[in-house]
Amino acid sequence: MNQSQSGLKKELKTRHMTMISIAGVIGAGLFVGSGSVIHSTGPGAVVSYALAGLLVIFIMRMLGEMSAVNPTSGSFSQYAHDAIGPWAGFTIGWLYWFFWVIVIAIEAIAGAGIIQYWFHDIPLWLTSLILTIVLTLTNVYSVKSFGEFEYWFSLIKVVTIIAFLIVGFAFIFGFAPGSEPVGFSNLTGKGGFFPEGISSVLLGIVVVIFSFMGTEIVAIAAGETSNPIESVTKATRSVVWRIIVFYVGSIAIVVALLPWNSANILESPFVAVLEHIGVPAAAQIMNFIVLTAVLSCLNSGLYTTSRMLYSLAERNEAPRRFMKLSKKGVPVQAIVAGTFFSYIAVVMNYFSPDTVFLFLVNSSGAIALLVYLVIAVSQLKMRKKLEKTNPEALKIKMWLFPFLTYLTIIAICGILVSMAFIDSMRDELLLTGVITGIVLISYLVFRKRKVSEKAAANPVTQQQPDILP
């Protein structure tokens, strides 16, 4: 572990880490966003989620391997710095920070919109501000308070999914009182299992892969737990059943109980199922659950941005002020920085929703894939090095190395290329490329400045300054 990590308090318990890892899987994308995938893919959406989930399982296994060797709040940014080069750590760290800053704004706006469902007269901007401030204070107080909030947010989501699965299976097989078995006729009765063709399933993977962003947060949190190797190992090994049960299982229930082309599935598949089986106030219940998912994501976003900025500051790749810790070991200035820029994005949504805010949202669109790609490449290089120098440090190992690592890299590159041919995603890919280019240029400026400072500090060696890699 990096020595500088000693400043962060190790207050996250195993139960916190377990729920943080679960929270990363269950988000609003499952409760709401899955409807568009089902509507465009049909029952084959189950395959889309399974294949995308498999890719994320591979990524998490690789990240778990590296985290068990070096559990740090910098996580994959630090690993990229060590394995690929400082430019990679700098670039992916700042891109990831930017991604979550925008996510915080999106979730604050989404949460405010849900609350307006019950309280119509409260302005959207005010509710967004209140939600952001409350969860900012939670994160500022201590890492333990972040963990507690995330624990209960996650518990609500887990209980909801488990209840949904139990009730769904009961209606499918006719175990529910007064019900007839629904069976699996809806899986093939409306044009077959792949009514829109295999190509729609592959397209679905491109859309679905973004729903899993957040699973990697547990590796960032590893730097603040007393037993990081055990926590990361458990989280990494359990990601398989979490994705299968929560995502694939839930989508299978939806397409089994309702025809895939039902209009109400597009709006909210979970509400559609609950209304279909006669659950009273289904919309109200799901609004509360989605609000919980949104607040969980907002809470995680505030935590994640602060720790990534803290890690960048440790490596002198961000202002050193973001390394300052409170008495409880919290990087307060790093948290406030994420909150500040996120609320600027909220203001942009109020004044310029179709230009500035849309640009910010689209420009962060493909960053998730870049993060996954960097994780895979870092693991490929680090694993080869560790096998030669310190093989006993490998407490967790990626399966079938290096074959599955190469396969994952190829799959991610394939998804990035396919985005260029999908009208609804082309802008996201292009704008993410623009933002990535800006960050890379910033690194070159940063490197040049560091070289100049080093030369000024060592005038004897000015003629042959050491160039950073």
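Placement of Cβ uses the backbone N, Cα and C atoms for every residue, glycine included.
Residues annotated as topological domain 'Cytoplasmic' in Swiss-Prot: 1-17 (among others).
Below 8 angstroms of C-beta separation, residues 1-2, 5, 8, 216, 219-225, 228-229, 232-233, 235-237, 239, 307-308, 310-312, 314-315, 317-318, 370-371, 374-379, 381-383, 385-386, 393-399, 405, 408, 436, 439-440, 442-443, 446-447, 468-469 of the same chain, each at least six residues beyond the ends of the topological domain 'Cytoplasmic' (61-94), sit close to that stretch. Under the heading topological domain 'Cytoplasmic', Swiss-Prot lists 61-94 (among others), citing a curator's inference as support.
For the topological domain 'Cytoplasmic' (138-157), the number of residues in each DSSP class (helix H, G, I; strand E, B; coil) is 19 helix, 0 strand, 1 coil. If you look up Swiss-Prot, you'll see 138-157 (among others) marked as topological domain 'Cytoplasmic'.
Under the heading topological domain 'Extracellular', Swiss-Prot lists 179-200 (among others), citing a curator's inference as support. A mean pLDDT of 88 is what the model gives for the topological domain 'Extracellular' (179-200).
For the topological domain 'Cytoplasmic' (222-242), same-chain residues at least 6 beyond its ends with a Cβ under 8 Å from one of its own Cβ atoms are 1, 5, 8-14, 16-18, 20-22, 25, 56-57, 60-61, 63-64, 67-68, 71-75, 143, 215, 307, 395-396. Annotation source Swiss-Prot lists topological domain 'Cytoplasmic' at 222-242 (among others), citing a curator's inference.
Across the topological domain 'Extracellular' (264-269), DSSP assigns 5 helix, 0 strand, 1 coil. Under the heading topological domain 'Extracellular', Swiss-Prot lists 264-269 (among others), citing a curator's inference as support.
Within its own chain, the topological domain 'Cytoplasmic' (291-328) has Cβ neighbours under 8 Å at 2, 4, 7-9, 20, 23-24, 26-28, 30-31, 72-75, 77-78, 81, 86, 89-90, 93-94, 96-97, 100-101, 103-104, 107-108, 110-111, 114-115, 131-132, 135-136, 138-143, 146, 149-150, 153-154, 156-157, 214, 217, 220-221, 223, 334-335, 337-339, 342, 446, 450, counting only residues six or more beyond its boundaries. Per Swiss-Prot, the feature topological domain 'Cytoplasmic' maps to 291-328 (among others); the stated evidence is a curator's inference.
Per Swiss-Prot, topological domain 'Extracellular' is recorded for 350-355 (among others), and the stated evidence type is a curator's inference.
Sequence-distant contacts of the topological domain 'Cytoplasmic' (377-401) (same chain, at least 6 residues past either end, Cβ-Cβ under 8 Å): 58, 61-66, 68-69, 76, 79-80, 82-84, 88, 229, 232-233, 236, 409. If you look up Swiss-Prot, you'll see 377-401 (among others) marked as topological domain 'Cytoplasmic', on the strength of a curator's inference.
The topological domain 'Cytoplasmic' annotation in Swiss-Prot covers 447-469 (among others) and is backed by a curator's inference.
What Swiss-Prot lists as transmembrane segment is 18-38 (among others), and the listing cites sequence analysis. Listed as Cβ neighbours of the transmembrane segment (18-38) (distance under 8 Å, sequence separation of 6 or more from its ends, same chain) are residues 12, 45, 48-49, 107, 110, 147, 150-151, 153-155, 157-158, 161, 204, 207-208, 210-212, 214-218, 221, 231, 234-235, 238-239, 242-243, 246-247, 250-251, 254-255, 260, 265-270, 272, 286, 289-290, 293-294, 296-297, 300.
The transmembrane segment annotation in Swiss-Prot covers 40-60 (among others).
Swiss-Prot lists 95-115 (among others) with the feature transmembrane segment, giving sequence analysis as the kind of evidence.
Proximity of distant same-chain residues to the transmembrane segment (117-137), defined by a Cβ-Cβ separation under 8 Å and at least 6 residues beyond the stretch ends, is recorded for 104-105, 108-109, 111, 149, 287, 295, 298-299, 302, 335-336, 339, 342-343, 346-347, 350. What Swiss-Prot lists as transmembrane segment is 117-137 (among others), and the listing cites sequence analysis.
Taken from Swiss-Prot, the feature transmembrane segment covers 158-178 (among others), and the record attributes it to sequence analysis. Outside the transmembrane segment (158-178) by six or more residues, the chain places 19, 22, 26, 184, 245-246, 249-250, 253-254, 256-257, 270, 273, 277, 289 with a CB less than 8 A from a CB of the stretch.
Same-chain neighbours of the transmembrane segment (201-221): 12, 16-17, 20-21, 23-25, 27, 29-30, 33-34, 36-37, 40-41, 44-45, 47-49, 51-53, 55-56, 59-60, 63-64, 66-67, 71, 73-76, 99, 147, 194, 231-232, 235, 239, 243, 247, 297, 300, 303-304, 307-308, 365, 368-369, 371, 375, 415, 418-419, 422, 425, counting only residues six or more beyond its ends whose CB sits under 8 Å from a CB of the stretch. The transmembrane segment annotation in Swiss-Prot covers 201-221 (among others) and is backed by sequence analysis.
Comparing 40-60, 243-263, 402-422, 426-446 for CB pairs under 8 angstroms to the transmembrane segment (95-115), the maximum falls on 426-446.
Between the transmembrane segment (356-376) and the stretches 40-60, 243-263, 270-290, 402-422, 426-446, it is 426-446 that has the most C-beta pairs under 8 angstroms.
With a cut-off of 8 Å between Cβ atoms, the residues of this chain six or more beyond the transmembrane segment (270-290) that come close are 28, 31-32, 35, 114, 117-118, 156-157, 160, 164, 167-168, 171, 176, 179, 250, 253-254, 257-258, 262, 264. Across the topological domain 'Cytoplasmic' (61-94), DSSP assigns 27 helix, 0 strand, 7 coil.
Counting only same-chain residues 6+ beyond the ends of the transmembrane segment (402-422), those with a CB under 8 A from a CB of the stretch are 55, 58-59, 62, 202-203, 205-206, 209, 366, 369, 372-373, 376-377, 379-380, 383-384, 428-429.
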